[in-house]
Amino acid sequence: MLIILVMFLLGIILGFIGAGGAGFVIALLTLLFHIPIHTALGTSLAGMAFTSLSGAYSHYREGNIQMKIGLIVGGFAAVGSFFGAKLTSFIPADLLHYLTAGMLFLSAILILIRLFILKEKAQVNQSTLSTYTRAVILGIAAGVLSGTFGIGSAPFIQIGLMIMLNLSIRHSVGTTMLVIIPLAVGGGIGYITEGFVDYVLLVKVLVGTMCGAYVGAKFTNLMPKVVLKSAIFLTPAIAGLLLLF
């Protein structure tokens, strides 16, 4: 019951900033509840397949998704994530703590770049062979990162969609939500085959975070933008710090 309560409180924060928060889930599961890091990674990533559905549907209705690009990136991300999950079993638990923390710090830096530095670029034709090739590369790279370290890689995907595929910020955010679904499914299957998904824990995490996110989303439009942007940046940074303890 305590796990559900903690995940509910975390869900409020994640709903407020509009993030999947896999890194924070991993940090809390390992630090507070002493869940083995491999199980925390697998359970967290598998859970994202469910939590991303509602967000992707909402963005689809708002016209924020480049469907063809999203399906290509997502399809190859699923493959990369599956093999990334397999790779995790060869990484010692102590080392995995530090590697995942490092990825979260890098994620925070990329978020900082996206929110405060990166400028909007005009969108170009998305139907060239070169575009599809870059989409495949982005999908595989993001998938391997997510599968190996159990995080959603949303900042990596968003930055990649903007820089490599010239998507607008709005379309990069929406398309990322679509990409994360097959990515999480592929990684989740990989972790399941390695025995790193705790189904009871998965249900507790989902119940807590999804209920909390519903509440937290109601506060998003009530806060000043500077508070929201700061929270989006600080969330993975704090999660990375927690993993170091």
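All positions are counted from 1 along the displayed chain.
Each residue, glycine too, has its Cβ placed from N, Cα and C.
Feature list (source: Swiss-Prot):
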{"type": "TRANSMEM", "residues": "1-21", "note": "transmembrane segment"}
{"type": "TRANSMEM", "residues": "34-56", "note": "transmembrane segment"}
{"type": "TRANSMEM", "residues": "71-91", "note": "transmembrane segment"}
{"type": "TRANSMEM", "residues": "98-118", "note": "transmembrane segment"}
{"type": "TRANSMEM", "residues": "137-157", "note": "transmembrane segment"}
{"type": "TRANSMEM", "residues": "177-197", "note": "transmembrane segment"}
{"type": "TRANSMEM", "residues": "199-219", "note": "transmembrane segment"}
{"type": "TRANSMEM", "residues": "225-245", "note": "transmembrane segment"}
Counting Cβ pairs closer than 8 Å, which of 71-91, 137-157, 199-219, 225-245 has the most of them with the transmembrane segment (98-118)?
225-245
Where else in the chain does the transmembrane segment (199-219) make close Cβ contacts, counting only residues six or more beyond its ends and a cut-off under 8 Å?
3-18, 21, 25, 29, 35, 39, 43-44, 46-47, 50-51
Where, among 1-21, 34-56, 71-91, 177-197, 225-245, do we find the most CB pairs under 8 A to the transmembrane segment (137-157)?
71-91
Residues sitting near the transmembrane segment (34-56): Cβ under 8 Å, six or more positions beyond its termini, same chain?
18, 20, 22, 25-26, 65, 81, 85, 88-89, 93, 96-97, 100, 146-147, 149-152, 174, 177-178, 180-181, 183-185, 187-188, 191-192, 194, 196-198, 201-202, 205-206, 209-210, 213
